[in-house]
Amino acid sequence: MLRSDIFLSTVDGKYSLKEVFKGKRAVFFGVPDMGKVCSEKHAPAYLALADKMHDMGVERIYCIAVSDPETVKAWADKKGLTGTKVQVLADKSGAFARMLGLDVNEPDCDGPRSLRYMGVVDNGILLKLKVETNIGEVKVTSADCVLELLQKMKELNTWN
(Lines of atoms letter the chains of each structure in order from A and count residues from 1; the text may use other names and numbers.)
(Lines give C-alpha, C1' and ligand atoms only; values in the text may rest on other atoms or scores of the structure.)
Protein backbone atom coordinates (compact mmCIF):
# COMPACT_ATOMS: atom_id res chain seq x y z
CA MET A 1 0.00 0.00 0.00
CA LEU A 2 2.95 2.36 0.39
CA ARG A 3 3.25 3.07 -3.32
CA SER A 4 4.59 6.44 -4.27
CA ASP A 5 3.22 6.32 -7.82
CA ILE A 6 -0.50 6.26 -6.96
CA PHE A 7 -2.08 9.45 -5.68
CA LEU A 8 -5.19 10.53 -3.82
CA SER A 9 -6.12 14.20 -4.04
CA THR A 10 -7.83 17.12 -2.38
CA VAL A 11 -8.27 20.58 -3.85
CA ASP A 12 -5.10 21.50 -1.95
CA GLY A 13 -2.87 18.91 -3.61
CA LYS A 14 -2.18 15.29 -4.35
CA TYR A 15 -0.68 12.77 -1.95
CA SER A 16 0.98 9.45 -2.63
CA LEU A 17 -0.32 6.37 -0.86
CA LYS A 18 2.93 6.44 1.07
CA GLU A 19 2.11 9.94 2.35
CA VAL A 20 -1.48 8.98 3.16
CA PHE A 21 -0.89 5.70 4.99
CA LYS A 22 2.71 5.54 6.27
CA GLY A 23 2.95 5.56 10.06
CA LYS A 24 -0.82 5.72 10.51
CA ARG A 25 -3.61 3.43 11.61
CA ALA A 26 -6.39 4.18 9.20
CA VAL A 27 -9.79 3.11 8.00
CA PHE A 28 -10.84 3.97 4.47
CA PHE A 29 -14.08 3.46 2.64
CA GLY A 30 -14.91 3.89 -1.01
CA VAL A 31 -18.11 5.41 -2.31
CA PRO A 32 -19.07 4.47 -5.88
CA ASP A 33 -20.80 7.63 -7.04
CA MET A 34 -21.55 10.06 -4.19
CA GLY A 35 -25.23 9.28 -4.80
CA LYS A 36 -28.11 8.67 -2.42
CA VAL A 37 -26.76 5.55 -0.65
CA CYS A 38 -23.31 7.12 -0.27
CA SER A 39 -24.74 10.43 0.92
CA GLU A 40 -27.51 9.22 3.22
CA LYS A 41 -26.16 5.95 4.64
CA HIS A 42 -22.51 5.18 4.04
CA ALA A 43 -20.62 8.42 4.72
CA PRO A 44 -22.86 9.82 7.51
CA ALA A 45 -22.45 6.64 9.56
CA TYR A 46 -18.66 6.97 9.47
CA LEU A 47 -18.95 10.58 10.59
CA ALA A 48 -21.31 9.59 13.42
CA LEU A 49 -19.02 6.77 14.64
CA ALA A 50 -15.68 8.50 14.04
CA ASP A 51 -15.06 9.19 17.74
CA LYS A 52 -15.59 5.52 18.59
CA MET A 53 -13.16 4.51 15.86
CA HIS A 54 -10.61 7.01 17.16
CA ASP A 55 -11.10 5.58 20.67
CA MET A 56 -10.20 2.17 19.22
CA GLY A 57 -6.90 3.47 17.85
CA VAL A 58 -7.87 4.67 14.37
CA GLU A 59 -5.87 7.80 13.60
CA ARG A 60 -7.38 8.64 10.21
CA ILE A 61 -10.65 7.91 8.46
CA TYR A 62 -10.68 8.46 4.71
CA CYS A 63 -13.65 8.52 2.36
CA ILE A 64 -12.45 7.87 -1.20
CA ALA A 65 -14.35 8.59 -4.41
CA VAL A 66 -13.28 8.15 -8.02
CA SER A 67 -13.76 11.68 -9.29
CA ASP A 68 -11.96 14.99 -9.55
CA PRO A 69 -11.04 16.84 -6.32
CA GLU A 70 -13.43 19.74 -6.97
CA THR A 71 -16.46 17.46 -7.35
CA VAL A 72 -15.48 15.44 -4.29
CA LYS A 73 -15.00 18.61 -2.22
CA ALA A 74 -18.37 20.02 -3.31
CA TRP A 75 -20.07 16.76 -2.29
CA ALA A 76 -18.17 16.69 1.03
CA ASP A 77 -19.13 20.31 1.78
CA LYS A 78 -22.78 19.58 0.99
CA LYS A 79 -22.79 16.51 3.27
CA GLY A 80 -20.90 18.09 6.19
CA LEU A 81 -17.76 16.01 5.68
CA THR A 82 -15.46 18.99 6.03
CA GLY A 83 -13.99 18.57 9.51
CA THR A 84 -11.11 16.49 10.71
CA LYS A 85 -13.09 13.38 11.65
CA VAL A 86 -13.43 12.04 8.10
CA GLN A 87 -11.15 13.26 5.33
CA VAL A 88 -12.55 12.99 1.81
CA LEU A 89 -10.05 12.15 -0.94
CA ALA A 90 -10.42 11.99 -4.71
CA ASP A 91 -9.08 8.99 -6.62
CA LYS A 92 -8.92 11.18 -9.70
CA SER A 93 -7.79 8.58 -12.23
CA GLY A 94 -9.24 5.56 -10.44
CA ALA A 95 -5.73 4.17 -9.91
CA PHE A 96 -6.30 3.36 -6.22
CA ALA A 97 -9.52 1.47 -6.99
CA ARG A 98 -7.77 -0.26 -9.90
CA MET A 99 -4.83 -1.27 -7.67
CA LEU A 100 -7.31 -2.92 -5.30
CA GLY A 101 -9.16 -4.57 -8.20
CA LEU A 102 -12.30 -2.60 -7.33
CA ASP A 103 -12.72 -0.37 -10.38
CA VAL A 104 -15.81 -0.65 -12.55
CA ASN A 105 -16.95 1.01 -15.74
CA GLU A 106 -20.64 1.75 -15.64
CA PRO A 107 -22.17 2.61 -19.03
CA ASP A 108 -24.27 5.43 -17.53
CA CYS A 109 -21.31 7.12 -15.79
CA ASP A 110 -18.70 9.49 -17.10
CA GLY A 111 -15.46 7.63 -16.55
CA PRO A 112 -14.50 4.89 -14.11
CA ARG A 113 -16.08 4.31 -10.71
CA SER A 114 -15.37 1.90 -7.88
CA LEU A 115 -17.23 -0.76 -6.03
CA ARG A 116 -18.33 0.04 -2.47
CA TYR A 117 -15.51 -1.05 -0.13
CA MET A 118 -13.76 -0.49 3.18
CA GLY A 119 -10.30 -1.29 4.44
CA VAL A 120 -8.20 -1.23 7.59
CA VAL A 121 -4.54 -0.20 7.31
CA ASP A 122 -1.73 -0.21 9.86
CA ASN A 123 1.43 1.67 8.79
CA GLY A 124 0.73 1.06 5.12
CA ILE A 125 -0.15 -2.62 5.51
CA LEU A 126 -3.64 -3.52 4.38
CA LEU A 127 -4.98 -5.74 7.17
CA LYS A 128 -8.59 -6.13 6.03
CA LEU A 129 -10.59 -5.31 2.92
CA LYS A 130 -14.34 -5.81 2.60
CA VAL A 131 -16.35 -5.28 -0.59
CA GLU A 132 -20.10 -5.13 -1.05
CA THR A 133 -21.56 -7.72 -3.42
CA ASN A 134 -24.36 -5.28 -4.25
CA ILE A 135 -23.07 -1.77 -4.94
CA GLY A 136 -26.38 -0.27 -3.77
CA GLU A 137 -26.15 -1.75 -0.27
CA VAL A 138 -24.14 -0.89 2.82
CA LYS A 139 -23.67 -4.07 4.81
CA VAL A 140 -20.12 -5.40 5.16
CA THR A 141 -18.62 -1.94 4.56
CA SER A 142 -20.71 -0.10 7.16
CA ALA A 143 -19.18 1.90 9.98
CA ASP A 144 -20.79 -0.52 12.45
CA CYS A 145 -19.01 -3.42 10.73
CA VAL A 146 -15.71 -1.55 11.03
CA LEU A 147 -16.19 -1.22 14.78
CA GLU A 148 -17.03 -4.92 15.07
CA LEU A 149 -13.99 -5.81 12.97
CA LEU A 150 -11.67 -3.62 15.05
CA GLN A 151 -13.02 -5.22 18.24
CA LYS A 152 -12.35 -8.72 16.87
CA MET A 153 -8.87 -7.66 15.77
CA LYS A 154 -8.17 -6.32 19.29
CA GLU A 155 -9.31 -9.63 20.79
CA LEU A 156 -6.93 -11.48 18.44
CA ASN A 157 -4.09 -9.06 19.27
CA THR A 158 -3.83 -7.93 15.66
CA TRP A 159 -4.93 -4.37 16.52
CA ASN A 160 -3.45 -3.12 19.78
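In case you wondered, yes, glycine gets a Cβ from its N, Cα and C as well.
The Cβ of C38 (active site, cysteine sulfenic acid (-SOH) intermediate) lies under 8 Å from the Cβ of V31, P32, A65, R116, each of these being in the same chain and 6 or more residues away along the sequence. The active site, cysteine sulfenic acid (-SOH) intermediate annotation in TrEMBL covers C38.
For 14-146, the entry in TrEMBL reads domain 'Redoxin'.
For the domain 'Redoxin' (14-146), residue counts in helix, strand and coil come to 46 helix, 37 strand, 50 coil, using DSSP.
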